[in-house]
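Novice: Starting off with a structure, shown below.
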Amino acid sequence: MSDTHFDFIVIGGGSAGYAAARTAHGEGLRVAVIDGAAELGGLCILRGCMPSKTLIESADRYISVRRAAEFGLKAQPLGVDVKAIRDRKRVLIADFAGYRQGQLEDGRFVLYRGHARFTDAHTVEVTPRDGTASFSVTSRYFCIATGSVAQVPPIPGLAEAGYWTSDEILDAEQLPESFAVLGGGAIALEMAHYLEGIGRKVTLIQRSAQFLTGMDPECSKVVEQAYTHRGITCHLDTKIHRVTLVNGRKHLEYTHAGKETSVTVDQILVAMGRYAATEGLDLHHAHVGLSGKKISVTPTMQSSQAHIFAAGDVCSPLDVVHVAIQQAEIAARNAARLSRGEVASEQMDYRLLLFGVFSHPQVAAVGAGEKELEEKGVPFVSASYPFNDHGKSIVMGETEGFVKMLAHKETGEILGATCVGPHATELIHEVVIAMHYRSKVQEFMLIPHYHPTLSEIWTYPAEECADQLEPV
Ligand SMILES: Cc1cc2nc3c(=O)[nH]c(=O)nc-3n(C[C@H](O)[C@H](O)[C@H](O)COP(=O)(O)OP(=O)(O)OC[C@H]3O[C@@H](n4cnc5c(N)ncnc54)[C@H](O)[C@@H]3O)c2cc1C
Ligand SMILES: NC(=O)c1ccc[n+]([C@@H]2O[C@H](COP(=O)([O-])OP(=O)(O)OC[C@H]3O[C@@H](n4cnc5c(N)ncnc54)[C@H](O)[C@@H]3O)[C@@H](O)[C@H]2O)c1
């Protein structure tokens with residue numbers, strides 16, 4: 001085999017790309033990884049999950065200090081050192097990124113630092129970052145894992161006025177006093193929480209009538225109420241018309257619930273979604289089909305070309321890390337099957353689709369929602385229970401939100417769950433595990449739960465669902 005011919009080439013060395021490469025190597029394939037970034041590590045480590053959660057940790061702690069008197073404590077919120085928060089983030093991220101870089105460079109794979117583009121269905125041209133001449137590499141199988149980039153809609157005047165995306169806010173040494181956060185997805189809610197948490201004035205401007213489009217609308221109501229209570233201005237059902245610069249500040253004009261309104265702020269954070277990073281890959285040369293900008297994939301993670309797989313944000317129905325890794329591992333194992341002359345038989349299963357938002361209160365959901373079950377005609381029962389009637393959350397002073405469970409009306413199998421409230425992103429895992437083992441509400445309600453804990457709140461909707469079951 002020539003030096004530049006491989007069994008499996010992975011384009012992109014982020015969460016999906018590394019998982020694909022690691023798995024393919026474990027399957028005995030000769031693997032190369034091509035990554036064009038200045039810094040190795042991928043979105044999650046460098047500009048996604050880990051930096052955002054590091055900043056949010058500071059906001060969460062500052063909120064505790066702000067609420068000290070409520071718990072009989074004498075403490076004063078003396079201020080926030082944004083540079084120190086940013087520096088702590090830099091130290092942690094450098095450590096995580098260094099570890100990932102070590103994994104990519106430990107000799108298991110050939111690593112090319114450069115931009116990749118297809119020249120035909122089995123050949124990729126690499127343009128090295130160091131300015132040396134481009135060269136071609138070939139492979140029997142590929143996994144495209146190039147991730148996503150921030151989407152900035154063409155709002156008149158926005159580009160001229162200037163704005164930040166999550167990239168800028170996560171590494172800012174100073175933060176101005178007031179922000180308009182555009183969007184109502186995870187990034188908008190998490191960053192609004194961070195900014196308000198450390199004392200900034202925030203106006204959240206969301207296009208549709210609810211936050212977290214696609215999730216249970218009740219989650220949106222709880223977050224809207226909680227954020228409004230904290231002093232965040234929440235404007236849903238909006239249409240942004242234009243942005244102008246007024247005395248160096250940014251003036252946004254928009255329609256809110258049918259009325260013309262405006263706000264003037266120091267900085268705008270655009271959190272209006274991300275799109276798949278497929279531009280520049282010259283996928284037409286490889287005849288790889290797209291759906292919009294995303295690569296269309298089968299449940300086996302194969303594109304329209306059976307030997308070209310994809311994984312992660314570039315093709316995923318949900319841009320989150322654990323799904324990206326699962327898809328990548330399946331892609332690599334299926335490529336290995338093909339290389340052995342077998343069928344690419346392993347499929348992604350989205351039954352346990354899991355999503356969590358590190359807002360305050362947090363939001364998390366697993367499995368199907370009510371709308372999905374209604375559309376599919378699945379008979380189900382549902383029950384919810386509020387945190388303001390639960391002992392442990394009352395003790396903690398975290399009473400906003402609820403848990404909800406959905407179960408099959410005849411069998412009682414748990415089909416989905418939603419949680420808005422304290423530690424929701426942790427609490428949801430109890431239901432994930434139950435659903436993994438296809439637990440029924442009748443069984444779940446009998447599992448011992450320690451008292452008083454947040455976790456025991458799940459037993460209430462489980463019992464109520466069990467009461468509603470219709471025996472077949
Ligand atoms: C602010 C923020 C917070 C987030 N928080 C969470 C969270 O809490 N939990 C969660 O699960 N998810 C979170 N996400 C989403 C998560 O970060 C992504 O789903 C995940 O990182 C995607 O991994 P990936 O491997 O698909 O892409 P990436 O990690 O982006 O990797 C793609 C790689 O491909 C390289 N590349 C691109 N094009 C080329 C090319 N042509 N040639 C060579 N290399 C190329 C890039 O340099 C990059 O290194 C967050 C995202 C953001 C933006
Ligand atoms: N905790 C997590 O797991 C986490 C955290 C952050 C990001 N992410 C991932 O990163 C991706 C990007 O996050 P995101 O929050 O930017 O995207 P998103 O697609 O989840 O949300 C974008 C929001 O912007 C709104 N929007 C879009 N265009 C608009 C316009 N012209 N005017 C007003 N509002 C508009 C949409 O209605 C939507 O609510 C998501 O897919 C998410 O999965 C995950």
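Cβ atoms here come from the backbone N, Cα and C positions, even for glycine.
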Novice: Based on TrEMBL, name the residue from Gly98, Gly102, Gly107, Gly273 that is recorded for the same NAD(+) site as Gly183, Gly184, Gly185, Ala186, Ile187, Ala188, Leu189, Glu190.
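Specialist: When TrEMBL describes the NAD(+) site, the candidate it includes is Gly273.
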Novice: Going by TrEMBL, which one of Cys44, Cys143 is joined to Cys49 by a disulfide bond?
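Specialist: Out of the candidates Cys44, Cys143, the one TrEMBL links to Cys49 is Cys44.
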Novice: Given the recorded positions Thr146, Gly147, Ser148, His451, state which is nearest to Leu189 (NAD(+) binding site) when distance is taken between Cα atoms.
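Specialist: Nearest candidate: Ser148.
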Novice: Less than 6 Å between Cβ and the nearest atom of ligand 1 is the rule; apply it to the binding-site residues Gly183, Ile187, Gly273.
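Specialist: The binding-site residues passing the 6 Å Cβ test are Ile187.
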Novice: Given the NAD(+) binding site residues Gly183, Gly184, Gly185, Ala186, Ile187, Ala188, Leu189, Glu190, Gly273 in the record, what is the largest Cα to Cα distance, rounded to whole Å?
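Specialist: In whole numbers, the farthest two Cα atoms are 13 Å apart.
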Novice: Which has the fewest other CB atoms in a 10 Å radius around its CB: Cys49, Leu189, the listed recorded positions?
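Specialist: So among Cys49, Leu189, the recorded positions given, the one with the fewest Cβ atoms within 10 Å is Cys49.
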Novice: Across the domain 'Pyridine nucleotide-disulphide oxidoreductase dimerisation' (357-459), what are the DSSP residue counts per state (helix, strand, coil)?
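Specialist: Its residues fall into 38 helix, 31 strand, 34 coil.
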Novice: What does DSSP call Ile187 (NAD(+) binding site) in the simple three-state scheme?
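Specialist: Where Ile187 (NAD(+) binding site) sits, the three-state DSSP reduction gives helix.
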Novice: Around the NAD(+) site formed by Gly183, Gly184, Gly185, Ala186, Ile187, Ala188, Leu189, Glu190, Gly273, which additional residues qualify by having Cβ within 8 Å of the site's Cβ center?
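Specialist: Here the non-site neighbours turn out to be Met191, Phe211, Leu212, Ala271.
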